[in-house]
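Colleague: Copying in the features that Swiss-Prot gives for the protein in this structure:
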ACT_SITE  Cys50  active site, nucleophile
BINDING   Thr49, Cys50, Asn51, Arg52, Ser108, Glu113, Ala114, Gln115, Gln119  substrate binding site
BINDING   Gly188, Ala189, Gly190, Glu191, Met192, Ser193  NADP(+) binding site
SITE      His98  site 'Important for activity'
Amino acid sequence: MLIAVAGMSHRSAPVEARERVAFAPCAARSFLRRLREEDGVPEAVLLSTCNRTELYVVAEAEPARDRLLGLLAEDRGVEPGSLYRDTYWHTDAEAVRHLYRVSASLDSMVVGEAQILGQVRDAYRMATEERCTGPVLNRLFHTALRVGKRVRAETGIGDSSLSVPHVAAKLAGEVFGSLEGRRALVLGAGEMSELLVRHLRDRGVAEIRIANRTRERAERLAALFGGRAADLGDLPRELARADIVVSSTGSGEWVIRGPEVAAALESREEPLFLIDIAVPRDVDPVVQSIEGAFLYDIDDLQAVVERNAEDRQEAAAAAEEMIGPAVVEFMSWLSTLHVAPLIKELRDGAERIRRHEVSRALRKMDLSPEQEEAVERMSRSIVNKLLHGPISEIKARAGAGDPLDSAEVRRRLLSLRGPGVELHPSREP
C-alpha cells in the first residue's frame, strides 16, 4: 500500500500551467467519481485552490503515478508530458509531511494565510461525500486539520499575515502611492472578493463597484461595505470609470479582453491598473501589451510576499518542529494498520473466554446485581492488562517490519494453549 500526492502549485509551475489543471467544484466531484471506479486506487482526495491542484491517494503500487497523471491529463485536456514536468510526487512519510505543511500554511504563497485550512477541510468533505475516502485518508486528513489548527493557535503564524487579497491591495497602493480617493472595480463576489473589498476600504478607496455573474451576490457584498453593484454587461463603461480593477471569478474564460481595455483607456488620461487573482485567469494576458494598462497576475504577487516573509520565519520554524513528530506518529499508526484484524481477533477471542468463564462462575454464586457488576469489571480489567503487553509487542514488531501471523502470536505471546486454558470455551457437561 502506498500513500501518495501528485500536485502542481505556485512552487512548481507558473499560473498558465496551473490554470489548465484547476477544478471547479462540480468538475472535482466528477473526477472523484471517476477515480472511485478505478481499480487499485481505493481512496482519494482532490484539493484545488487558486495556487495548487493536488491529488492525495492510497494506491496499491508505485506505478500509480503514471495512471493518476494519465487520468488527470485526460480529464483536463492537457499533454501528459507537461504534467510530468510541472508536477511533484511525494509518497508515504513525505506525502504526509507535505499535507501537514499545506494545512499549516507553510507551503502557501503567503505563509500564515488563513484560507488554506478551510480549503483542505472542504476538499476532504467533498471526498467523503463522494465515498472516496477510507481508514487511511480519513485519519490522515483528520490529523492534518488538527496540525493546522494547532500551528495557528500556538505559533502565531497567522498574526499580521498577508492573504492574497491583502497583497493585491498592498500592490495597488505601491503603484499609486496612495489609494485615497481612488475608484475600484471588483469582479467576483466570493470569499476572496470580500477580503479584497475589506482591504481596499481600509486603504481609503473612495468608490467600490462590484460585478458578478449573479447580481444578487454582488448587491449583498456591496451593501456590506457601502459599495455599489454593477452588471458584467456594462463592463466597458465600468472599466473606463475605474482606476483599479481586481478580478477573482475564475470562470474559465476571459472576463476582460484586450479590446475592452483599449477602448476604456481611450476615454481616460490616467493608466488602468489590473490585478488578476483568479485561477484560471480572468484577464487576457494580451492586456499587458496595451499602453497605459498595467496587469499583474497571482504569480506577480510573489515579490510582495517575499518582502514580508522574514516576519514569519520564527513562527514557521516552530511549526516545522510540530509537524515532524506528527508525521512520525501517523506513520507509526500506519505501520500497524495491517495487524489491526489480528489484534481484533485476539481481543474478540479473549472476550469470548471472559464472558464464558464469568457466566459459568456467576451461575454457581449467589451475588447481588452490584456484586455481579464488580466481578464483570474485575474480569475486564484482568483481560485488558493481560492483552496490553502482547498487543504492544504485535504493534512493535509490525512497526519494525516483522508482523506475526495469528498462530504464532497465540503460541509465542499469549500462550493461550497452556494448561487449563482453552482458546474456544468447552461445552458444559
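Even glycines carry a Cβ here, placed using N, Cα and C.
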Colleague: With the substrate site defined by the record as Thr49, Cys50, Asn51, Arg52, Ser108, Glu113, Ala114, Gln115, Gln119, how many Å span the farthest pair of C-alpha atoms?
Modeller: 15
Colleague: Nearest to Ala114 (substrate binding site) by Cα distance: which of the recorded positions His98, Ala189, Glu191 is it?
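Modeller: Comparing Cα positions, the closest of these recorded positions turns out to be Glu191.
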Colleague: About how far apart, in whole Å, are the alpha carbons (Cα) of Asn51 (substrate binding site) and Gly190 (NADP(+) binding site)?
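Modeller: Asn51 (substrate binding site) and Gly190 (NADP(+) binding site) have their Cα atoms 16 Å apart.
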Colleague: Three states by DSSP: which one describes Cys50 (active site, nucleophile)?
Modeller: coil
Colleague: Enumerate the residues of the same chain, Thr49, Cys50, Asn51, Arg52, Ser108, Glu113, Ala114, Gln115, Gln119 excluded, that satisfy the criterion Cβ within 8 A of the mean position of the Cβ atoms of the recorded substrate site; list them in sequence order.
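Modeller: Apart from the listed residues, the neighbours are Ser105, Met109, Val110, Ile116, Val164.
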Colleague: Could you list the residues of the same chain, at least six apart in sequence, whose Cβ is under 8 A from the Cβ of Ala189 (NADP(+) binding site)?
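Modeller: Ala189 (NADP(+) binding site) has long-range Cβ partners Ile210, Asn212, Thr214, Arg217, Ala218, Arg220, Leu221.
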Colleague: Secondary structure at Met192 (NADP(+) binding site) (DSSP, helix/strand/coil)?
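Modeller: DSSP assigns Met192 (NADP(+) binding site) to helix.
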Colleague: Around the NADP(+) site formed by Gly188, Ala189, Gly190, Glu191, Met192, Ser193, list the extra residues of the same chain whose Cβ is within 8 Å of the site's Cβ centroid.
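Modeller: Counting only non-site residues, the set is Glu194, Leu195, Leu196, Leu221, Ser248, Thr249.
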Colleague: Reported as an integer number of Å, what is the Cα distance between Glu191 (NADP(+) binding site) and Gln119 (substrate binding site)?
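Modeller: Glu191 (NADP(+) binding site) to Gln119 (substrate binding site), Cα-Cα distance: 12 Å.
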Colleague: Would you kindly give the Cα-Cα distance separating Ser108 (substrate binding site) and His98 (site 'Important for activity'), rounded to the nearest Å?
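Modeller: Taking the Cα atoms only, His98 (site 'Important for activity') lies 11 Å from Ser108 (substrate binding site).
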Colleague: Secondary structure at Ser108 (substrate binding site) (DSSP, helix/strand/coil)?
Modeller: coil
Colleague: Rounded to a whole angstrom, what is the C-alpha distance between Ser108 (substrate binding site) and Cys50 (active site, nucleophile)?
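Modeller: Answer for this pair: 11 Å between alpha carbons.
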Colleague: So of Cys50, Ala114, Met192, which of the recorded positions has the fewest other Cβ atoms within 10 Å around its own Cβ?
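Modeller: So among Cys50, Ala114, Met192, the recorded positions given, the one with the fewest Cβ atoms within 10 Å is Ala114.
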